[in-house]
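Lifted from TrEMBL, the feature list:
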COMPBIAS  293-302  compositional bias 'Polar residues'
COMPBIAS  328-339  compositional bias 'Basic residues'
REGION    247-339  region 'Disordered'
TRANSMEM  12-39  transmembrane segment
TRANSMEM  85-108  transmembrane segment
TRANSMEM  120-145  transmembrane segment
TRANSMEM  165-186  transmembrane segment
Amino acid sequence: MDMAASPSPLFRPVGIIATGVSVVQGVLWSVAALIAILANVCVFPSSINGFQFFFAIYVQGDKCFNATGTIGGIILPETMTSTEFLIWAILFLILNLAWLLASSFLLADLIQNTMKHTLILLYVWIGVTTLVSSLDLAATIRFGIDYGILNTEYLFPYSAVPATLMSLSARGFVLFVFNIAALAYLSMQAYQLHQKSAKTRRRLSRQTSFESFFKEYPYQTSQRHINGFEASPSSWTLQSPMVGTSPREPWNFDKPVRSVSQTVGDSGIEVHRDPRITGPDARNSPRIVGPNAHNSPRSVSVNPRYDPRNVAADTRQDPRIAIANPRHNPRSAKPRVQI
């Protein structure tokens, strides 16, 4: 698929920008998800001061230290467990890595401007981006629920943790809107590319079917022999070549016939000498000159119209010629002798 088949001149620049931003997001959010997983399994040391303490309670639970479940004598409400948080972090890591790969391949194809596998890579990118955006929306809602619960209980410092995670899941809200807009635009472009490629495939299929038909049933005319015109080339054959043959030189009716047998070839009429004729060439034989040429046992009837030595070469104007051209004689379908 070349750029001539692209549905819009903005397709390539918009695609490069969208996939470039997707690559950056894939790297950053994959790293963030990996850090969240490591924090959940107690790789990083926990602190009892400030934001880290609230983050440890929300993310790690009681796996890394003995948490009492209270802050300043206030019992913490039921929020997301550390196991549930780990599942969300793993999903973010997997989908963002897949998004990073899909965006990288599509970006490389658009930059190289080859457009060979653009439609397939675009389908993959659209599918992965849809999954990532769906996960972002679901995680934003889930962390938003926890933020609402903690905010209602007047635990403002503790509610900062789910609020931060909600903003990260929504990608700052600006990138989330950008991803949705890019997804919608490239989806429409992919649909138009699919329609054009389908029309191209149908056209190529028709051309291939015609070519395969002619390859399977070739028109064999190179050695075809016309049995009804063994004596000499007929006027109809000489003046009306078969359809599909290559152009010939203009007809010269003063040019003599070189032999008495013919075959129809790809380049026109090919004249060959009849092996049954013995002796000199029928054209040069003195016995075939004149109205009694058809009585010569050494040759078959030669059309006197093509004999330069015959004075009355045009049989249509001389009724005395023994061999009349059937094509120009409406009263006879066969050569007749007039005495």
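Glycine residues also receive a Cβ, built from the backbone N, Cα and C atoms like all the rest.
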- [ ] Report the listed stretch (12-39, 120-145, 165-186) having the maximum count of Cβ pairs within less than 8 Å of the transmembrane segment (85-108).
- [x] 12-39
Open item on the list: Which sequence-distant residues neighbour the transmembrane segment (120-145)? Criterion: at least 6 residues beyond either end, Cβ under 8 Å.
Closed with: 15, 19, 22, 80, 88, 91-92, 95-96, 98-99, 102-103, 105-106, 109, 162-163, 165-166, 169-171, 176, 179-180, 182-183, 186-187, 189-190, 193
